[in-house]
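Copied over from TrEMBL:
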BINDING   N68, R69, H169, T170, Y171, D235  beta-D-galactose binding site
ACT_SITE  H169  active site, proton donor
ACT_SITE  E301  active site, proton acceptor
Amino acid sequence: MAEQPQIYELNNGTMVVKITNYGCTITSLSVPDKNGKLADVVLGFDTVEPYVKGASPYFGCIVGRVANRIKNGKFTLNGTEYTLPINKSPNSLHGGFKGFDKRIWEVAEYKKGDKPSITFKYRSSDGEEGYPGDVSVTATYTLTSSMTMKLDMEAVPENKATPINLAQHTYWNLAGHKSGNILDHTIQIWASEMTPVDENTVPTGEIKPVKGTTFDFTAEKKVGLQVHEVGLGYDHNYVLGGGEEKLGLKRAAKLKDPSSSRVLNLWTNAPGMQFYTGNYVNGVVGKGGAVYNKHAGLCLETQGFPNAINQPNFPSVVVQPGSKYQHTMLFEFSVE
């Protein structure tokens with residue numbers, strides 16, 4: 001029996017998160033500002049229909065089987081060449097034409113209470129969007145404390161080795177989803193290196209220090225300060241490290257909106273993070289009729305490095321049958 005796409009709510013009395021089983025997508029996330037006033041800080045739609053109809057530029061979803069770009073939609077694994085759909089020419093992006101973000105997941109568990117959570121399950125079949133082997137995937141969103149959300153993603157290949165790289169693609173605007181652009185937000189990224197890209201936004205394989213460049217966010221800096229010096233905007237993978245650790249996770253980024261004083265601290269166990277400033281968003285009509293344009297939100301997609309399957313010097317994203325891919329993200333909201 002095929003489940004219908006619907007929207008579920010996690011509410012702990014302080015923050016409220018709405019998530020649909022279509023693509024494990026966060027459609028709404030409301031947290032208080034310095035005056036205790038709630039605002040919805042993610043881009044998205046009021047109902048599931050626009051997501052299902054393809055109107056969403058990956059708002060809020062989990063992308064897979066492999067997030068980000070695979071160069072020319074090709075890779076070789078254990079002597080077999082695999083060819084993937086070219087859905088963002090000349091590359092394959094975010095799992096292909098019908099990646100994990102465009103699948104209906106099964107709701108495996110849904111708990112209310114002071115630590116509400118929801119667990120989604122999906123089974124990706126051998127050959128789906130060109131990828132090898134059957135893979136069982138789960139994703140659990142939990143409100144672990146009054147202002148903290150945790151996401152645990154797991155995937156187990158059943159019968160063939162396969163690349164797996166899941167990413168959570170929420171577009172954040174801490175001033176509120178309909179407040180305009182994020183260029184006045186400040187961000188700090190715990191990464192002293194990034195992976196430069198070619199003209200098709202695929203990493204060249206080089207790992208480059210950010211010091212003294214427009215990509216340097218090792219100290220808190222306004223997002224818009226140098227955004228116009230990097231083409232359309234930031235859309236780059238950062239090599240995470242150098243920050244403190246907590247619960248086995250490392251500090252990835254601190255995002256702050258000066259107008260509301262809302263802060264998001266992001267922690268992860270992933271090696272990289274795509275920092276994307278919503279460069280391709282153009283006239284999308286979202287919640288309550290809000291129109292989202294370029295830089296209306298930004299993404300902090302913790303991940304394995306883009307095109308790692310074709311870059312031997314990048315951390316491997318290949319998972320062997322019976323082994324488990326595990327990716328945890330911790331979203332800590334506060335005001336300061």
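Backbone N, Cα and C define each Cβ position, glycine as well.
Keep in mind that TrEMBL annotations are predicted by a computer and have not been checked by a curator.
Residues near Y171 (beta-D-galactose binding site) in space but far in sequence (CB under 8 A, at least 6 apart, same chain), listed by position: V42, L43, G44, F59, G60, G278, V281, A296, G297, L298, C299. Here E301 (active site, proton acceptor) is positioned 8 angstrom away from T170 (beta-D-galactose binding site), judged by their C-alpha atoms. Counted within 10 Å of its Cβ, the other Cβ atoms near D235 (beta-D-galactose binding site) come to 19, all protein chains included. Cβ environment of H169 (beta-D-galactose binding site): Y58, F59, G60, C61, I62, V63, A67, H94, D101, C299, E301 lie under 8 Å away, each six or more residues apart in the same chain. Per the record's binding annotation for beta-D-galactose, residues N68, R69, H169, T170, Y171, D235 show a top Cα-Cα distance of 18 Å. Listed in sequence order, L93, H94, N165, A167, N237, Q274, E301, Q303, P306, N307 are the same-chain residues at least 6 apart in sequence whose CB falls under 8 Å from the CB of N68 (beta-D-galactose binding site). Counting only same-chain residues at least 6 apart in sequence, those with a Cβ under 8 Å from the Cβ of R69 (beta-D-galactose binding site) are K88, N91, S92, L93, N200, T201, V202, P306, N307.
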